[in-house]
Amino acid sequence: MITSFQLRAARALLGIDQRQLAELAGVSVPTIQRMEASSGNVRGVVDSLTKVVEALNRAGVELIGEHARSEDGGRGVRLREPGPPPGAEP
């Protein structure tokens, strides 16, 4: 599950606004606004939430779950290191 804090942090890492995220995810701007206004875990239609999370993943954002291994624990977001382009020789 993603939190509203993670959603806003993910947008900040990508340097995009709510409109741009809505376009990437194929949802409306009010949907993004409602998700970000949630307290704690994002609430909304599962299909819309899935689209947003998948769009963030495609953009290189990694969502860190509450129980993921880390020194300090807690949830977070980070950008994945860019890999070679698809089809490139290793």
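Using the three backbone atoms N, Cα and C, a Cβ is placed for every residue, glycine included.
For reference, TrEMBL has these:
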- 7-63: domain 'HTH cro/C1-type' (DOMAIN)
- 66-90: region 'Disordered' (REGION)
- 66-81: compositional bias 'Basic and acidic residues' (COMPBIAS)
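Here the domain 'HTH cro/C1-type' (7-63) is broken down by DSSP into helix, strand and coil counts: 38 helix, 4 strand, 15 coil. As a whole-number mean, the pLDDT of the domain 'HTH cro/C1-type' (7-63) in this prediction is 94.
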